[in-house]
Amino acid sequence: MKMSKLSDLEGHEDRVWNVAWNPSGTILASCGGDKSIRLWGLEGGSWVCKSVLLDGHQRTVRGVSWSNCGRYLASSSFDGTTCIWRRQDDTFESCATLEGHENEVKACGWSPSGRFLATCSRDKTVWIWEVGEDEEFECASVQTCHSQDVKKVLWHPDRDELASASYDNTIRFFCEEVDDWQCYCTLDKHASTVWGLSFGPGPEPQLASCAADGSVYVWGTKGDRRSWELCGTLERHPRPVYDVSWCRTRGFLATACGDNAVRVFVKDGGDCSWRLGCTLTQAHSQDVNSVSWSPSGGLLASAGDDGYVRLWQID
């Protein structure tokens, strides 16, 4: 396979940490060390910055996540807060600020039902917020299972179950029981910090994880949907892998690496066999921090320490 660069999206004044598509694939959100969130969209056939959100955070914005309805955008920051933005046509307004974490909030994520928002932090905790009426957010649970900085939270695409990744080298899964949220599974095969997670397509999707030692693992369930096991390993990267994104329409896996490259892997026969499809060797001039496939699978967005957001297309 071949991929080519479609567009350079310039505007951030510091490293770009994260990119995320809205559910319809019409808006790409990016965030970075300049404390801003930028929203990109098509205008006259070109991708341009449609809006800049500057007044939500006092420090680096580390993560962004869209609700499934597309009306809300959450942003997590090193200032210890998570900001909720409401979309009204082409404008975004801050409608809530979530406080409680003792340190930097590294990531945030909406549940598929829209009932919950998860946040994770350097303070080693995962918070699960219940979304109430009138845009009110109440902390439903604080999970303290991890022994180190929690880097990523990601909800299962079809049910309200949560995965988290940590500096303690583990991945943990959480579900709601009768009176609280519980950790029901821990994956401990990684030998270094787990940076990123991405669920695949299908009725019982697999999970991809990436780590500081260059490893990318694929996990699956057999029979018991709450019993996860390692079922595949991708070619080891030469530097840390900071993010992974699974294309839910075409099945490709993209990785963001500390060697400035973006790689795309394709399935090679069975469910757990993968081969390298293509390498974008100098996708960025510095570390690549984030990759995200558009919902249609036609575009791949990447973000790096060089301050650029880039869009790539399959030739």
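Yeah, the Cβs are placed from backbone N, Cα and C, and that goes for glycine too.
Here is what Swiss-Prot records for this protein:
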- 11-50: repeat 'WD 1' (REPEAT)
- 56-95: repeat 'WD 2' (REPEAT)
- 100-139: repeat 'WD 3' (REPEAT)
- 145-188: repeat 'WD 4' (REPEAT)
- 189-229: repeat 'WD 5' (REPEAT)
- 236-275: repeat 'WD 6' (REPEAT)
- 283-315: repeat 'WD 7' (REPEAT)
Quiz item: Have the repeat 'WD 7' (283-315) and the repeat 'WD 3' (100-139) got at least three CB pairs under 8 Å, pairs 6 or more apart in sequence?
Solution: no
Quiz item: Quick one: mean pLDDT on the repeat 'WD 5' (189-229)?
Solution: 94
Quiz item: Sequence-remote contacts (6 or more beyond its ends) of the repeat 'WD 2' (56-95), Cβ cut-off under 8 Å?
Solution: 14, 17-24, 29-33, 35-37, 39, 50, 101-110, 112-114, 117, 119, 121, 135, 137
Quiz item: Which sequence positions outside the repeat 'WD 5' (189-229), separated from its termini by at least 6 residues, show Cβ-Cβ distances below 8 Å to it?
Solution: 151-152, 154, 156-158, 163, 165-167, 169-171, 173, 175, 236-246, 248-249, 251, 253, 255-257, 265, 271-272, 274
Practice problem: Using a Cβ-Cβ cut-off of under 8 Å, list the residues of the same chain that are 6+ residues beyond the ends of the repeat 'WD 6' (236-275) and lie near it. | Solution: 1, 3, 157, 192-193, 195-201, 206, 208-216, 218, 220, 281-293, 295-297, 300, 302-304, 312
Practice problem: With DSSP as the yardstick, break the repeat 'WD 4' (145-188) down into helix, strand and coil residue counts. | Solution: 0 helix, 24 strand, 20 coil
